[in-house]
Structure formats: structure tokens, C-alpha cells
């Protein structure tokens, strides 16, 4: 009898899964840092270039004292968090009353505004900076096509996954750049405040994000949000040839598609979900979910083929070493179904909300406004925090937010680098010392 081949290594698959989410995050941060370095020529960034919800309570000025800036930044962060909380509860309420189409159209409109207006404004900045010769008609048509294709790519499930991922990264870059225009003190206090809000919204019993996730799980529906999805690592040698890959939204399904003798205990799967939400005056929403659920509700249509064996193996090194799934087929059916994404944490897929992309990039971009040494330190801190979060998901087997660890480490490394490391390196360089 043919035996299932052994997987290469748990570490190999684990590294591949982490890389699949670290690469887009790094690309987003890199582009924002480049934009800030190219477009922000003013050394004084204390004053805001625009008015938004984050600066409605206090307008920072370079002539203000440090205590006044701190109090004003705390007030701005408090107002922003209150607005985000109210909008998130409104999102839960609309989702509870099954206003899914309205939410989808609203997010499409928000994405259109981000790609069209924010993207167009940044494009004009770049055209003016590099003196690119282009006429108005060509620019308008290019921007229109770019915006329409982006909205369709994000909200149409049949679009190629790489196109959807690319546009999600672009949306994160555009919003993150506009957040870098906030005053310095407001930016740092806002980052810490959103990390604390993320922690409370996910872990507290009455947290809005926790309510949203529980409601979506009970209905087996997608949460209306802008979420970057990295494909899971699959051991192709263990999947039967000719199998039909079935993808599910959540770990439980109301209808029994594979008969009453299905040997699947979804409650034994290790749950790992990271959720967070962002709502700004631009109308962008954010939800973070690190888990193994696929973002498709229906089965993927694949050509039928002869059944070779009814046992398959799914690799999930982030959650567990291996999961053996034995399939019981329907009577009269000639298809072998290999379930991909059985429950949260079964296939190792990772989902990360755009809000995390945005705030990670804002932190690194704000560090770039000071010195590139702080950029390196903050980048390493964010990636380390993201890796720690992934490990905590497998250890605690419960919903965890993605912002707190990375943001706290990033802010800490920024302060240590600016106050200690930079002084040390400068003194060594001035005295021609090597270390």
C-alpha cells in the first residue's frame, strides 16, 4: 500500500508562511518610506498639512511647549479612538441586520476615493517633483482606469489573487502616506492609542471586533473588510491527484456537505484569529485576521479526475505539525474532496488587515523623517513583533490583535535608537572608533 510521503520540515513550511506575509508588509513600508523621503523636503514636520479627525481637537504648533503638545496629542488620540469605536459598533450593527450589500458598496466607494483622490494627489506630487511631461487627458484616463481596476480587483472574487494583493498594498501605501502628514506628537500618541484600542476591541468580551468575528462565525460569512490574504502552504505531495479543493470561510458549517459520518472534529482545530479595525475620515475600514480561513465561501471549480485515495494531509506548521483528514464521500459521487482551510488554523493561511499595513508603515515613515538609523531599528522591531504575534497565536489558541506587540516594540526601539544608539554611534564615528 502506498504511504503518504513525509513533509520536508516544519521549519521550512513555517518560514515560508511567515515570509508570505512579511514580504507585502515590507514592501508597503519601503514604498511609504521612499515617498516620505522624496516628497517631504521640509525638515519641520510639526504642523499638519490637512485637517482630519485626528487633528480636530488640537492643532500642534512648533511654538507650543512639550507639555502642551503632549496634552493636545492625547486629546486628538482620544477623539480618534472614540470615532473609530463608534464606527466599528455601527459596522457590527449593520452586519447584524445583514446589510452586507450596503457595506460592500460603501467599502468599494471608500476604495475608489482612496485610489482616485489620494492616489491622484500623490501622483501629482511625484509629477511635479520629477517634472514628468504628461497631459491632463492622459493623466485623467490613466487614473480612472487605475481606480476602476483597483475597485474591481479588491471586491471581485474571480480576480487573480496577485492583482488583489497588489492593489491592497497600494491602498495601504496611499493611506499610510497621508497619515504621515499628521503632527509628530499626535502621530506617536495615536499609534500607541490604536494599539491599546486594538487590544481591548479583540480581547474584551464586549469588544466590537470580537462581536463582529463571533457573528461572522455563527453565520459562516465573510467579514466586510479590506483584508490582505496570503495563500497557505500546502503539501502538494499529500493531496490526492484529481482532488477538488474545498475552501470554507469559518470552522463550522451549517449544512453537512459530506454526510453524517464525516470524521472532522472542527472544535479540535487550534483557533488563531487576529482582528483589528480602522475607520478614518476617508472612509477606509480595517480588519485584521491572522488565521487559516480562506476568503472564498464556495468550492473552487476544478475538473473532475479519478480518485486515488481518500486520505489527505494538510500541513499547518504555524498551528500544528500535521492534520490528517479522512474524507467520507457522498453516495454516488466520484469526486475526492481535499478540504483546504478546515477551520481556523487548519491550513496555516494568514490574513492581515490593511490597518496593520497602514500603522506599521506610518511608524517606519515617521522614523524616516528623523534618521534612517531609526528606520532600520523600527523595521526590525515591527517584523519581530509580527513574528511574536504569530507564535502567540499557536500558543494561546485564541483571538489576538496584531498591532500591540509590533507597535510597542517599534516605539520602544525608536526611542532607544534616537536617545542612546545614535549618540553612541556618532561619538564612535567622531573619534574614529570601530565596533
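Quick reminder: no glycine exception, Cβ is built from N, Cα and C everywhere.
Per TrEMBL, the feature transmembrane segment maps to 21-39 (among others).
For 73-96 (among others), the entry in TrEMBL reads transmembrane segment. Panel annotation: around the transmembrane segment (73-96), residues 53-58, 60, 102-103, 183, 185-186, 188-190, 192-194, 197, 201, 208-209, 211-212, 215-216, 223-224, 277-279, 285 of the same chain, lying at least six beyond its termini, place a Cβ under 8 Å from a Cβ of the stretch.
Per TrEMBL, transmembrane segment is recorded for 105-126 (among others). If you look at the transmembrane segment (105-126), the same-chain residues 6 or more away from its ends with a CB under 8 A from one of its CBs are 35, 38-39, 132, 139, 143-144, 146-147, 150-151, 154-155, 167, 170-171, 174-175, 177-178, 224-226, 282-285.
The transmembrane segment annotation in TrEMBL covers 132-155 (among others).
Residues of the same chain lying 6 or more positions beyond the ends of the transmembrane segment (160-179) and with a Cβ under 8 Å from any Cβ of it are 24, 27-28, 31-32, 35-36, 50, 54, 111, 114-115, 118-119, 122, 149-150, 153-154, 187, 226-231, 280, 282, 284, 354, 357-359, 361-362, 365. As annotated by TrEMBL, transmembrane segment applies to 160-179 (among others).
What TrEMBL lists as transmembrane segment is 185-204 (among others). Among residues of the same chain six or more beyond the transmembrane segment (185-204), those with a C-beta under 8 A of the stretch's C-beta atoms are 48, 54-55, 58, 60, 69-70, 72-74, 76-78, 80-81, 84-85, 88, 179, 210, 274-278, 288, 355, 359, 362-363, 366, 399-404, 407-408, 410-411.
As annotated by TrEMBL, transmembrane segment applies to 376-396 (among others).
The feature transmembrane segment is assigned by TrEMBL to 402-421 (among others). Beyond the ends of the transmembrane segment (402-421), by six or more residues, the same chain brings 188, 191-192, 194-196, 198-199, 274, 276, 288, 290, 352-353, 355-356, 359-360, 363-364, 367, 370-371, 373-374, 377-378, 380-382, 384-386, 388-389, 392 to within a C-beta distance below 8 angstroms of the stretch.
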